[in-house]
């Protein structure tokens, strides 16, 4: 069974915008998904946020095309009432992070990939940067 990995908005943007110095490890995560070595998930909220930012940078049509390609590698999961309520009543300082966290937990993710590790005080799943995740897989394989 492949690992279930949740990626947040920053990780998706790092890949689609090729943002240095984050692109290399974020791209490796999606490469592993392409090879079916893990399954990458995100929410429709992340897709909407990414589109909003991307369209300002590369335009509407290029943004849609980039997201169409992303969809070949990423499964979309739903944010539901319970996750919204948990996020609203949580100790998270960032509401979007809370939504992502509780949605990832609900859907049985093993790992949540983000660059904002410090924002995730609650830990019912592994919270890592793409670099930590890739280095962990590499060291476990040797």
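Glycine too: its Cβ is placed from the backbone N, Cα and C atoms.
A TrEMBL annotation is a machine prediction, not a hand-curated record.
What TrEMBL records for 4-118 is domain 'PIN'.
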Within the domain 'PIN' (4-118) only, compute the mean pLDDT. 96
Within the domain 'PIN' (4-118), count helix residues (DSSP H, G, I), strand residues (E, B) and coil residues, in that order. 69 helix, 17 strand, 29 coil
